[in-house]
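*Asks:* Below are the features I grabbed from TrEMBL:
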type	residues	note
BINDING	B:28, B:74	Mg(2+) 4 binding site
BINDING	B:28, B:74, B:215	Mg(2+) 3 binding site
BINDING	B:45, B:74	Mg(2+) 2 binding site
BINDING	B:45, B:123	Mg(2+) 1 binding site
BINDING	B:52, B:265, B:321	substrate binding site
BINDING	B:105, B:122, B:123, B:149, B:217	ATP binding site
BINDING	B:218	Mg(2+) 5 binding site
DOMAIN	B:26-141	domain 'PurM-like N-terminal'
DOMAIN	B:156-302	domain 'PurM-like C-terminal'
């Protein structure tokens, strides 16, 4: 057990990737210099042991990697470029060794490298039972270019930037088989090492087009409901157009629906754009090796989400998500 | 139990104090517009039930108030002006009612009003046992004016902006008597409703002088050690010069020393400045109704802290603070 001074020195990066970091770890607060013409984008998200992960569902490094990635995904959904992160971690007095905490930080460091971000601060405190990791991220987006969920309009198409349901499928497997499920299976990988769609977000922001955007952290139904409510329109989704349905062919339809519509933590982006824009944007993204799928359309309404499946269209239950 | 949409609407401010908030609560992330000529200052701090507070030591509103104030204190210690805050709160499935969480948010709102800050985002998740509140704050300071702990130099004087040890004294009383101790007692008030010394911090930053600064969150000994280590000097403190020793006359010297030197959470600022500057700054601060106390001096050294007491000077143990 190192003392605080030594420990902070051990996790503080020796140099910063971003020249805009005036002061990183090692004072009361971090100081950064904003770039003229850009707005600052801030998000915070917490992962709790037993709720978002256990030592059986996630390798230690993946816990750290994912804690940062879920936050980066929030920046991506605003069209922002990720820059810095801070970590606050509550460590239980029992069941966790400092070496394990260090591994979590290593995983976060890998995600930091992936997204070109600097660790600029945070704190570590004790708690009695569950490990709680809170990550705060800062990014920037060109003034007036942020992508809001309230910007959907009638006659837009609804799109996804990648498959959904894979993380939920992986989690079900992990809850059933524990560590025996770990491996290269794409569902397991999707759950343990999620990818934030930053390149998509930046592409949309730089385009200057009106695009409504959310990241799929709480499931397509929930995120579509947020866009519909914020924009005062209805979203009409088409089951047959959901990306990569082939991956789920081997499972019963009830499970497919649960995973693809209500499974969270995929971090694909769900959005809407002018219908006439879709083919052109899809082609431009393909040139970058990125995908885009049309899964529905926007019609006049009062904030509802509908799903067309096997010839009939029904109101899509939003999952009844509550807070506590 | 409200659903997420309703709950977020209930805590989201209907308007912002700061015109620089482009997008607050209600999207994937918050967007703010930085002011040209200013650096952005970021801090994050977590309070854990059972470690930093219990329902016996703190009124619910005070838990929220303090969670924001401890973070604002970090901004004050950088010389920054507080602007915005985000809250991530992990709520146990048992022992906490939504009404109680709302009271915590009310207390945070009171501190937000006090420091003229906007709530711009956050999240709420479930946990199994302890309430964990993580607050992230954003402020700004004029370029090149941030106050670092590494700026102390030989022949500086060491100062405090207010009394220390009061919060620790209050906590001891609260741990002994529980809710029976609640009331107007200044020690209890200092523990439950701490005040961040933002005006001092801004005064120092605006002065343009070289001033080393830390907030006393972990006790004078610990904070002095941080300044000494970061600056590569020794700090020599004088017990007789500690502010408001009269408040502690009724307690044994061992307790006085524990509270005043090692008691945390006072949020006075500890710093150093050129000796020739002290009287003039003290007078200017007095005109604003603010205090300043000289409690020692800076001499050449290798990062140690010394205490003169009853005629002899000894190395001051830094409390042996460790992380876990």
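Glycine is no exception: its Cβ is also placed from the backbone N, Cα and C atoms.
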*Asks:* Under 8 Å Cβ-Cβ to chain A, which of the binding-site residues B:105, B:122, B:265?
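*Replies:* Cβ contacts with chain A under 8 Å: B:122.
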*Asks:* Take the Cβ of residue B:265 (substrate binding site) and count every other Cβ within 10 Å, whichever protein chain it belongs to.
*Replies:* 23
*Asks:* Roughly how many angstrom lie between the C-alpha atoms of residue B:28 (Mg(2+) 4 binding site) and residue B:122 (ATP binding site)?
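*Replies:* Given the Cα positions, residue B:28 (Mg(2+) 4 binding site) is 10 Å from residue B:122 (ATP binding site).
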*Asks:* Provide the number of Cβ atoms within 10 Å of the Cβ of the residue listed as 'Mg(2+) 5 binding site', excluding the reference atom itself.
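*Replies:* Counting Cβ neighbours of the residue listed as 'Mg(2+) 5 binding site' within 10 Å gives 20.
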*Asks:* Given the binding-site residues B:45, B:52, B:105, B:265, which lie close to residue B:218 (Mg(2+) 5 binding site), meaning Cα to Cα within 10 A?
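*Replies:* Among B:45, B:52, B:105, B:265, the ones whose Cα sits within 10 Å of that of residue B:218 (Mg(2+) 5 binding site) are B:265.
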*Asks:* Within 10 Å of residue B:215 (Mg(2+) 3 binding site) (Cα-Cα), which of the binding-site residues B:45, B:52, B:122?
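*Replies:* Near residue B:215 (Mg(2+) 3 binding site) by Cα: none of them.
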*Asks:* Between residue B:105 (ATP binding site) and residue B:123 (Mg(2+) 1 binding site), how far is it from one CA atom to the other, in Å?
*Replies:* 12
*Asks:* Compare all C-alpha positions of B:105, B:122, B:123, B:149, B:217, the record's ATP binders, and send over the largest distance in angstrom.
*Replies:* 32
*Asks:* Applying a 10 Å Cβ distance cut-off over all chains shown, what neighbour count does residue B:52 (substrate binding site) have?
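*Replies:* The answer is 24.
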*Asks:* In whole Å, how far does the CA atom of residue B:122 (ATP binding site) lie from that of residue B:45 (Mg(2+) 2 binding site)?
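*Replies:* Given the Cα positions, residue B:122 (ATP binding site) is 14 Å from residue B:45 (Mg(2+) 2 binding site).
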*Asks:* Please report the Cα separation of residue B:217 (ATP binding site) and residue B:265 (substrate binding site) in Å, rounded to an integer.
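*Replies:* Residue B:265 (substrate binding site) has its Cα 4 Å from the Cα of residue B:217 (ATP binding site).
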*Asks:* When the Cα of residue B:45 (Mg(2+) 2 binding site) is compared with the Cα of each of the binding-site residues B:52, B:74, B:265, which one is closest?
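*Replies:* For residue B:45 (Mg(2+) 2 binding site), the spatially nearest of the binding-site residues is B:74.
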*Asks:* At a 10 Å cut-off from the C-beta of residue B:123 (Mg(2+) 1 binding site), count the other C-beta atoms across all protein chains.
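*Replies:* Here the count is 20.
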*Asks:* Work out how many Å separate residue B:123 (Mg(2+) 1 binding site) and residue B:149 (ATP binding site) at their Cα atoms, rounded off.
*Replies:* 32
